[in-house]
Amino acid sequence: MISAEASFPLGFILTSLLLVFLGCHGERTNVGLVYENTEPDLEKIFHLAISKANEENEDLELHGVSVSIEPGNSFETSKKLCKMLRQNLVAVFGPTSNLAARHAMSICDAKELPFLDTRWDFGAQLPTINLHPHPATLGVALRDMVVALGWESFTIIYESGEYLATVRELLQMYGTAGPTVTVRRYELDLNGNYRNVLRRIRNADDFSFVVVGSMATLPEFFKQAQQVGLVTSDYRYIIGNLDWHTMDLEPYQHAGTNITGLRVVSPDSEQVQEVAKALYESEEPFQNVSCPLTNSMALVYDGVQLLAETYKHVNFRPVALSCNDDSAWDKGYTLVNYMKSLTLNGLTGPIRFDYEGLRTDFELEVIELGVSGMQKIGQWSSEDGFQENRPAPAHSLEPDMRSLVNKSFVVITAISEPYGMLKETSEKLEGNDQFEGFGIELIDELSKKLGFSYTWRLQEDNKYGGIDPKTGEWNGMLREIIDSRADMGITDLTMTSERESGVDFTIPFMSLGIGILFRKPMKEPPKLFSFMSPFSGEVWLWLGLAYMGVSISMFVLGRLSPAEWDNPYPCIEEPTELENQFSFANCLWFSIGALLQQGSELAPKAYSTRAVAASWWFFTLILVSSYTANLAAFLTVESLVTPINDADDLSKNKGGVNYGAKIGGATFNFFKESNYPTYQRMYEFMRDNPQYMTNTNQEGVDRVENSNYAFLMESTTIEYITERRCTLTQTGRTGTR
């Protein structure tokens, strides 16, 4: 048994130990993240970074609090951030969109809470730390690269005004007497593409481009640049976006275009590889040409490590904050200033800040896209500039067996406009001279570049080729190639897994989808009662009731009013009978005359009938004016009628439109193999109605022109046909191949 005197020291010791324990561990340190729901990987790497920081420091207990918002939604940002502030935060990582980030920054500024920014921005303000390299410094890096690569005249292609701080460094390179620097802004036009500005760039004499834009637009920009012919061996690019290596670059890998850019995240770094493996749960996270780890993800990871390093030296207790009062965290500015003084190495290299909280003294890798993928050719730093360190090319001791110089090939094609056609001429042509078309010209240009010769051969039955389901053997053009009767073939041939099992395809030079070829909408034939179109049926009904009501009122008032009774024989002073002009038929005639603005010979005499007549005349004045205006509008606007608008209408046989595709072609097989219910219905219709299938595309085009028929074919070919046949158009788009 312990006495009361002995229990007091023991209780004091236990209480002291408990206070020491609470002082060492305390409450967990909450860190906030506001991210757009289109970037879920930001949340994953945020929590991964917090787990890593807690593993490396046992005394640290960071806890991540994350909320997702709609992209650019400042109201949702404010609402969710204010709710998050009640959870004793020590810092907040902001979203990547400008509108939402600025809103979050202003809230943190008011609450003196550290705000870690990972986006492309021009400045920082207390209590903000911007982990992203400054745009103006990136402009200096681009300028140094242009000088090192020996570019003189070039074109700057930028997306929007926020990138002018980077572009400014390039514009100030030369004076008025120096080489020409052209500036173009690429932006979506009404048709949703950049092709208009890209065509203007192609028609100019420049072959060197500096492209500065966001990752929201760069993939589509390069896709369309390839489509208009700006991604070939004649052109060279420098990309001014640190995330460009995350694009799917495989389509441009073999184009021969020199594409150079900068990155702050190096996939060769052991730390980057370790984080990527943990994040994607894969031993080989960089399997493709592109790198999946974006700049923002790496900066969030580095920001968490910076915060963890700071809390090794300080231990400020956070407080709950509210957006509804003037409360602020008195330790926020002190924490930010301490973070500015730290230096550490992260996923994005050495991390240092100036007194404004901007990233300084960072290093960038200069990378180039080649046939083998991304290749580091040097590095850039603010101190040393661009230092080229291009690896020596690997020389093969064996001769190049793929050389086509002085070799001769048989090339097979099929008649299909505009890819392969017979020349229309009165002269008799033989051999290669009798063919023309896009595919013909493409082979001709390849032969000039690669030094081979060729002989054209025509596929007589116009079948492209596939496996016959009955015999299991190949047919068409592909059979000729498999049996070595032809070396290669070119036409509007779609790459499918079945065809790739029998022959080799080149890298696709054109992407397309399946479209619906149909006749253009026709003018709606005039209807018998089209004059009633300006008013709805209800208006006409009420107008008829008003007409009858006024006529009856005139009839009744005319009978009751003494002034409306006249002496038919003025010579007789006291006649036995009087006449009234407002018989029911005359009342109807009076009302309709006013409605049609023709008047009548009837003239009301009594005050009551005159009041009714005046009200009716005023009503008809307004009504007729409205009717005339609406009728003019209806007559000037043509009403076009089309029975189908998309594949769903076609599958329901709307308007009695029949449809089909080329027998055994890739378009037909697309519907056959699709699991989409609409496409399945279309396949079943074509299978059960073989009379609507065609042997050639031309046969389908002719059917569309001459009957109530829709033809399914490649969208690129449809564009060619609709440019030359004014009565046809493309309706809808069913799929992409």
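Glycine is treated like the rest: Cβ placed from N, Cα and C.
All annotation found in TrEMBL is predicted automatically rather than curated by experts.
As the structure is a computational prediction, the values presented were derived from the model and not from experiment.
Annotated L-glutamate binding site per TrEMBL: T494, R499, T667, E714, in sequence order. Secondary structure at T494 (L-glutamate binding site), taken from DSSP and collapsed to helix, strand or coil, is coil.
Annotation comment: TrEMBL describes 408-737 as domain 'Ionotropic glutamate receptor C-terminal'.
What TrEMBL records for 418-483 is domain 'Ionotropic glutamate receptor L-glutamate and glycine-binding'.
Within 10 Å of the C-beta atom of I644 (site 'Crucial to convey clamshell closure to channel opening') sit 20 other C-beta atoms, taking all shown protein chains into account. I644 (site 'Crucial to convey clamshell closure to channel opening') carries neither a helix nor a strand DSSP state and counts as coil. Summarising the annotation, TrEMBL assigns site 'Crucial to convey clamshell closure to channel opening' to I644.
K672 (site 'Interaction with the cone snail toxin Con-ikot-ikot') falls within a helical segment according to DSSP. Positions annotated as site 'Interaction with the cone snail toxin Con-ikot-ikot' by TrEMBL: K672.
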Checklist entry - How many other Cβ atoms are found within 10 Å of the Cβ atom of E714 (L-glutamate binding site), counting all protein chains shown? => result 24
Checklist outcome for this item: In all the protein chains shown, the tally of other Cβ atoms within 10 Å of the Cβ of R499 (L-glutamate binding site) is 20
Checklist entry - Could you give the Cα-Cα distance between I644 (site 'Crucial to convey clamshell closure to channel opening') and T494 (L-glutamate binding site), in whole Å? => result 26
Checklist entry - DSSP on R499 (L-glutamate binding site), three-state: which is it? => result helix
Next on the checklist: Measuring Cα to Cα, how many Å separate R499 (L-glutamate binding site) from K672 (site 'Interaction with the cone snail toxin Con-ikot-ikot')?
Outcome noted: 15
Checklist entry - Cα of E714 (L-glutamate binding site) to Cα of K672 (site 'Interaction with the cone snail toxin Con-ikot-ikot'): how many Å, rounded? => result 16
